[in-house]
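Annotation comment: TrEMBL describes A:24-44, A:56-77, A:107-127, A:139-169, A:181-202, A:214-233, A:276-298, A:331-354, A:366-394, A:415-431 as transmembrane segment.
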Amino acid sequence: MTNIANTSERAGGNLTAQALREGFYAGVISLGLFVLFVGLETTQNIRNELVINQRWGLLAIFVIVAAVGRFLSVAYLRPWAAARKASAAARPVDEEVSFFKRNFSKIAIVALLVYPPLMVMLFGVQGSLKWVDNFGIQILIYVMLAWGLNIVVGLAGLLDLGYVAFYAVGAYSYALLSQQFGFSFWVLLPLAGILAAFWGMILGFPVLRLKGDYLAIVTLAFGEIIRLVLINWTEVTKGTFGVSGIPKASVFGIWSFDVSAPNNFAKAFDLPMSSAYYKIFLFYLILALALLTAYVTIKLRRMPIGRAWEALREDEIACRSLGINTVTTKLTAFSIGAMFGGFAGSFFAVRQGFVSPESFVFLESAIILAIVVLGGMGSLVGIAIAAAVMVGGTELLREMTFLKAVFGPDFTPELYRMLIFGIAMVVVMVWKPRGFVGSREPTAFLKERKAVSGSFTKEGHG
Amino acid sequence: MSDTLLSVQGVETYYGNIRALAGVNVEVKRGEIVSLIGANGAGKSTLMMTICGSPQARTGTVTFDGEDITRVPTHLIARRRIAQSPEGRRIFPRMTVYENLQMGASLDNLKFFNEDVEKIFTLFPRLKERQAQRGGTLSGGEQQMLSIGRALMARPKLLLLDEPSLGLAPLIIKQIFDAIKVLNQEQGLTVFLVEQNAFAALKLSNRAYVMVNGQVTMSGSGKELLANPEVRAAYLEGGRH
């Protein structure tokens, strides 16, 4: 199993023989591994006795999958990957990129704009609900959160494991203030952002001197503190019961989505009553918020503060010796990142109509951070793709009812969500260690961009 | 305006309880090139960092342009136009050469950027060729040029250079030292240089200090020190056994 590098250079027959051999070994190893885990199952019968069930069929499936998988990987996949790599290396660097690649973000934005009407046309008004809400809105929330966190982690290089705290601050700001004072969504959206930014600064001050692992631990604790406060401050937050009955957003106060309201959207346009219109409105709302995040990020990167963030990520000491105030630089990164988290949070509250501390557990922070890392730190397009793949992919699992036919009626694919999430992360990190879009796009050029830019060469310090 | 630009008086700097500088007196006059030579661990880089306020001196004073800057934070010292090319160059590896130079000009918010960047490109034509390349992909010599170029973008009154010859080929060292000379003679830039390469440094400098164990043990003009038998034995011929 060791001669991996040489396989592609050998003759075809030799390769097949080797693949067969390695496949056989893989089968034997997996048999050894799984014979007790999978082949035998212990359960209790009705008299509370321990019974051993034998599951040789399932074991056989495991072994065959391992053996055949290894065989295919050695015989076909690896030579194919090697050939592709060789042809990619042979290609000239200054080759014209395709139209699709050059205009990817514009095409993506147009596609997102026409997405809800398209879904309505394809699946009908009610049928579109699932696609607009479960997929569209769900993915876009994570895109926005990841873009917000990207300012802190990707640009300023401050590892923040408690980002969900600002999401929670935004959500509870909207939930509580709208219930207590009856403010509308459009008043509370900026307010939630400001409050979250404020909390971002509060987190920022004590951690100014920390870096890397130490910073990560403190931010992790901060996220937990916010969650525990939400659970235990029952007079205000109603604890684990959460806040329910959060008012819906309106289209700038012109049309409402409350069924009883006279200016109801469906009534105003003589449409049949459906919650789908509200979801479509929310879709465009989160799309606008996410695009605002992207726009601000792109603009800031070209401004002194954005350049200072990136320089801070690279080398803090060099920054100080160039006259950059690292204190304000870090605080602005924390607070602007937190502000977008707050926006996303108040959107989350308005979409769910209900918030509880359970939505703001550490796992959420970890998922958002994973999306940023998988997408390639600092790259907006990469992060959006990562969010679509990771969130959309796990959402798709719910749809895979045909898997029940394979694994039996007890099989619930969504339970394997985190397992698949983890496997996907490992695969991406092996395949592209710097994320989907690993190279950093420069923000400034003297004249024309040169054909061979630094992103094609390897990074070194020599 | 007095003749002295930078004056370090009786400075002691500690790392925890370890005394790295034990009462150092150094003076740099306007328009001079002054170098500081000494063995590894003598405290040369510590002195350079102390001038920049990181770490700050425990006792003694650092005066720049008539103002006491001993307790001023690092980034505010930089704003008083002391630019530094730190030890190990510390360029921004993932940013392009052009962006690195932009960072150098952030004090004036890029007001003189276009004008100054041309000057840097005339001084170091290699940087112009490499401007779209990421800093981390440059060779050591180019990184050093970038580090000096970035420091110059801040329009400094005083340029601090910490071992610009470290790990570079003799030909590149010559290029860099020639550039320093040009800056000093044509633009009147004041340079304070820390070097292990004593021969090249002493030849370039108007004056020099020799540092041993956190103290300045000798000082004089570059020529004097070059001729001094003790200096020759310790720093010039010692390495050529």
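Even glycines carry a Cβ here, placed using N, Cα and C.
Here the transmembrane segment (A:214-233) lies next to the transmembrane segment (A:139-169) in space: the count of CB pairs under 8 Å, restricted to residues six or more apart, reaches at least 3.
The list of residues near the transmembrane segment (A:56-77) in space but at least 6 beyond its ends in sequence, with Cβ under 8 angstroms from a Cβ of it, reads 7, 15-16, 18-20, 22-27, 29-31, 34-35, 38-39. A contact between the transmembrane segment (A:139-169) and the transmembrane segment (A:24-44) is absent, since fewer than 3 of their C-beta pairs, 6 or more residues apart, lie under 8 Å. Sequence-distant contacts of the transmembrane segment (A:107-127), counting only residues of its own chain at least 6 positions beyond either end whose CB sits under 8 Å from a CB of the stretch, comprise 100, 136, 140, 272, 274, 276, 280, 283-284, 287, 291, 381, 384. Taking every listed stretch (A:24-44, A:276-298, A:331-354, A:366-394) in turn, the largest tally of C-beta pairs under 8 A with the transmembrane segment (A:181-202) is reached by A:331-354. Among A:24-44, A:276-298, A:366-394, A:276-298 has the largest number of CB pairs under 8 A with the transmembrane segment (A:331-354).
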